Amino acid sequence: MRLRNKPWAQKLVAEHPEVILNEPDPDKKINWEERFEDFSKPLAIEIGSGKGQFITTLAKEHPEMNFIGVELQTTAAGMILRTKLEEKIDNLQLMCADAANIAMYLPENSVDIVYLNFSDPWPKTRHEKRRLTYKSFLDKYRQILKPEGHLEFKTDNRGLFEYSLVSLNNYGMKFDYVSLDLHHADDEIFERNVETEYEHKFAAKGNPIYCLHAHFVK
């Protein structure tokens, strides 16, 4: 869902290039060693961070890791940035960028976890290539993930979940976890689950939350 444009968010993003990259040039290498205090820590990225509840919570809970939130909308990115600055979340960097270029922004084999949370389902067939679990996006995740890295995906959209199961399977990925109702799963994955804004809203209405974890076979 596109948020209404907030001029303050654009201004805030422009004022803090040290912690948020705004539409970076895909052809220009990003020096992540300079942007993080210790880039040798395990790295997780969330593609489509929305207002940032998931990525900011996770970063605060895991100071032993680094996190990158990728969000295309400037207003949403500004909201995440505001939280990061107010709560002094030092192990979080942000990008206001198109996920289609993600493999050009990050070094090969540098990421431990890719999070896809409540992505736009793009239900029309002609928009299939825009889905974040389409094969061309899987190509990019494979490039940036470490050999032992994995992908975690959550959605309330049954159609997108079924599509993603087929897409990942056809790509040759192996599933480590699949749930058709995460919030009623009595397991470790639910116990450590961090909710997004959308997830909290959908789950409160009684909607099932679909979840999968998968890895590439090298």
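Using the three backbone atoms N, Cα and C, a Cβ is placed for every residue, glycine included.
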Among GLU18, GLU64, GLU71, GLU148, which residue does Swiss-Prot annotate as binding S-adenosyl-L-methionine together with GLU46, ASP98, ASP120? GLU71
Out of 48-53, 126-131, which range is noted as region 'Interaction with RNA' by Swiss-Prot? 126-131
For the C-alpha pair, I'd like the distance in angstrom between GLU197 (substrate binding site) and GLU46 (S-adenosyl-L-methionine binding site), rounded off. 14
CB contacts for TYR198 (substrate binding site) [other CB atoms within 10 A, all chains]: 19
May I ask which of the binding-site residues GLU46, GLU71, ASP98 is closest to LYS124 (substrate binding site) if we compare their C-alpha atoms? ASP98
Looking only at C-alpha atoms, tell me how far ASP120 (active site) is from ASP156 (substrate binding site), rounded to the nearest Å. 11
In the structure shown, with every protein chain counted, which of the recorded positions GLU71, ASP98, ASP120, GLU197, GLU199 has the densest set of Cβ atoms within 10 angstroms of its Cβ? GLU71
To test your reading of the S-adenosyl-L-methionine site: which residues beyond GLU46, GLU71, ASP98, ASP120, same chain only, put their Cβ within 8 Å of the Cβ centroid of those residues? ILE47, GLY48, SER49, VAL70, LEU72, GLN73, ALA99, SER119, LEU132
